[in-house]
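The structure appears right after this line, and notes come after that.
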Amino acid sequence: MKKDTRKYMIYFFGALGGLLYGYDTGVISGALLFINNDIPLTTLTEGLVVSMLLLGAIFGSALSGTCSDRWGRRKVVFVLSIIFIIGALACAFSQTIGMLIASRVILGLAVGGSTALVPVYLSEMAPTKIRGTLGTMNNLMIVTGILLAYIVNYLFTPFEAWRWMVGLAAVPAVLLLIGIAFMPESPRWLVKRGSEEEARRIMNITHDPKDIEMELAEMKQGEAEKKETTLGVLKAKWIRPMLLIGVGLAIFQQAVGINTVIYYAPTIFTKAGLGTSASALGTMGIGILNVIMCITAMILIDRVGRKKLLIWGSVGITLSLAALSGVLLTLGLSASTAWMTVVFLGVYIVFYQATWGPVVWVLMPELFPSKARGAATGFTTLVLSAANLIVSLVFPLMLSAMGIAWVFMVFSVICLLSFFFAFYMVPETKGKSLEEIEASLKKRFKKKKSTQNQVLNERTL
């Protein structure tokens with residue numbers, strides 16, 4: 001097999017877990033329309049069917065990070081692919097609401113695990129020059145999975161075949177299981193375990209030959225300086241600001257409302273006045289736009305930088321949601337405002353998927369030292385899943401109590417807050433190796449802590 005072919009297969013299969021996450025997230029919006037035909041649903045149980053995936057994801061995120069730091073990225077991907085298959089088939093063959101909810105929890109374990117692990121694996125496999133571009137592949141796979149789910153829902157809706165909708169998630173899961181044969185272990189994890197020659201062999205596939213020895217030297221130097229355990233690193237005071245930034249990124253990525261659009265797009269369009277068929281087309285349009293803008297982000301992220309994209313993204317999503325809310329508040333619901341809803345949500349998707357959607361997945365693993373990258377990324381992904389769960393549970397209640405216009409106004413205020421967070425808190429990591437980022441952040445936050453201590457000592461004297 002040619003070197004370039006092997007390299008692209010590594011990247012493709014490394015990111016495939018993102019497609020499964022996207023599919024399992026998006027498919028439930030169509031399946032919910034017909035589950036009630038076989039399994040009676042109440043308002044409560046319908047909410048549980050959606051949200052239990054996210055509950056499972058919280059635990060999956062926490063477990064996969066620590067496990068991948070201990071046993072390696074590749075072995076954990078193998079386990080996750082099996083859980084994906086079991087969860088998808090269990091959902092398809094569920095006969096009671098209890099079985100369906102339990103199956104969604106199992107599926108959520110794999111969803112959360114892949115959400116935490118895929119960005120780490122891609123960031124550690126990528127050469128510095130294209131790490132941002134490659135890191136956005138995770139989000140590209142997520143939105144591609146969502147689009148596939150929308151298409152499958154559309155195709156199977158005439159047959160009311162919800163079991164096929166959810167069960168087809170097993171197909172890419174089997175593909176991931178096969179693809180593990182092409183996925184080597186992360187070179188950084190191997191260096192951490194003392195397997196330098198194996199790391200060099202893998203980097204010969206993925207890296208420019210002239211950069212290999214320099215990057216290996218950086219990895220070895222970084223590991224030589226790390227005598228602490230994973231838990232010890234996470235407890236270190238200098239890493240707390242990094243964790244807070246990671247947690248902030250995770251919360252804002254979800255709190256600006258993206259998954260309410262993914263989960264409830266048909267409901268939003270129907271509330272805004274569109275018919276069933278038009279709502280389905282509008283939803284599919286959002287799925288296509290997701291993919292297009294994520295590809296745009298892949299082109300921009302290593303040229304423009306992470307921080308600038310987040311800042312401009314916050315401006316765009318704030319204005320689009322505020323404008324949408326203003327139109328609905330002043331003009332009410334009509335045929336014209338229904339299509340304006342589609343347009344403004346489209347603008348929102350353009351800005352979100354070119355910025356906050358993919359950039360957060362790239363930044364989270366970049367922020368943390370290699371000794372604790374899996375565990376720290378797992379923790380921030382846990383927070384992301386929890387924020388996703390809270391927003392998805394609260395959205396229907398807000399929609400019922402406030403109306404769609406005021407709901408979008410609330411999200412626009414949160415988007416405005418994300419601007420200040422990105423501007424003042426988020427560091428730029430473009431063009432730096434993971435070891436350079438770690439050294440820079442450690443110096444920045446240790447220096448800040450040292451300055452604070454000096455001021456306190458002077459005041460005491």
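Placed from the backbone N, Cα and C atoms, the Cβ positions cover glycine too.
Feature annotations, courtesy of Swiss-Prot:
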{"type": "TOPO_DOM", "residues": "1-14", "note": "topological domain 'Cytoplasmic'"}
{"type": "TRANSMEM", "residues": "15-35", "note": "transmembrane segment"}
{"type": "TRANSMEM", "residues": "39-59", "note": "transmembrane segment"}
{"type": "TOPO_DOM", "residues": "60-76", "note": "topological domain 'Cytoplasmic'"}
{"type": "TRANSMEM", "residues": "77-97", "note": "transmembrane segment"}
{"type": "TOPO_DOM", "residues": "98-104", "note": "topological domain 'Extracellular'"}
{"type": "TRANSMEM", "residues": "105-125", "note": "transmembrane segment"}
{"type": "TOPO_DOM", "residues": "126-139", "note": "topological domain 'Cytoplasmic'"}
{"type": "TRANSMEM", "residues": "140-160", "note": "transmembrane segment"}
{"type": "TRANSMEM", "residues": "164-184", "note": "transmembrane segment"}
{"type": "TOPO_DOM", "residues": "185-241", "note": "topological domain 'Cytoplasmic'"}
{"type": "TRANSMEM", "residues": "242-262", "note": "transmembrane segment"}
{"type": "TOPO_DOM", "residues": "263-280", "note": "topological domain 'Extracellular'"}
{"type": "TRANSMEM", "residues": "281-301", "note": "transmembrane segment"}
{"type": "TOPO_DOM", "residues": "302-308", "note": "topological domain 'Cytoplasmic'"}
{"type": "TRANSMEM", "residues": "309-329", "note": "transmembrane segment"}
{"type": "TOPO_DOM", "residues": "330-341", "note": "topological domain 'Extracellular'"}
{"type": "TRANSMEM", "residues": "342-362", "note": "transmembrane segment"}
{"type": "TOPO_DOM", "residues": "363-378", "note": "topological domain 'Cytoplasmic'"}
{"type": "TRANSMEM", "residues": "379-399", "note": "transmembrane segment"}
{"type": "TRANSMEM", "residues": "403-423", "note": "transmembrane segment"}
{"type": "TOPO_DOM", "residues": "424-461", "note": "topological domain 'Cytoplasmic'"}
Interface-richest range of 164-184, 281-301, 309-329, 342-362 toward the transmembrane segment (242-262), CB pairs under 8 Å = 342-362
What else in the chain is close to the topological domain 'Cytoplasmic' (302-308), if you only count residues 6 or more beyond its ends and a Cβ gap under 8 Å?
-> 129-133, 359, 362-363, 422, 426-431
Residue list, the topological domain 'Cytoplasmic' (126-139) vs rest of chain: Cβ under 8 Å, 6 or more residues beyond ends.
-> 11, 14-15, 18, 118-119, 206-208, 211, 215, 294, 297-299, 301-302, 306, 353, 357-359, 361-362, 365-366, 430-434
In the same chain, who gets a Cβ under 8 Å from the transmembrane segment (164-184) while lying at least 6 residues past its ends?
-> 6, 9-10, 12-14, 16-17, 19-20, 23-24, 27-28, 30-31, 74, 77-78, 81-82, 84-85, 87-89, 91-93, 107, 110, 145, 149, 152-153, 156, 202, 205
Out of 15-35, 39-59, 105-125, 281-301, 342-362, which stretch touches the transmembrane segment (379-399) the most, going by CB pairs under 8 Å?
-> 39-59
Best-packed against the transmembrane segment (39-59), counting Cβ pairs under 8 Å over 105-125, 281-301, 342-362, is stretch 105-125
Take a look at 15-35, 77-97, 342-362 and tell me which one has the most Cβ pairs under 8 Å to the transmembrane segment (140-160).
-> 15-35
Across the topological domain 'Cytoplasmic' (302-308), the model's average pLDDT, rounded to a whole number, is 91
Contact call for the transmembrane segment (342-362) and the transmembrane segment (77-97): at least 3 Cβ pairs under 8 Å, seq gap 6+ = no
Considering only Cβ pairs under 8 Å, which range in 15-35, 105-125, 281-301, 403-423 makes the most contacts with the transmembrane segment (309-329)?
-> 403-423
Tally of DSSP helical, extended and coil residues in the topological domain 'Cytoplasmic' (302-308) = 6 helix, 0 strand, 1 coil
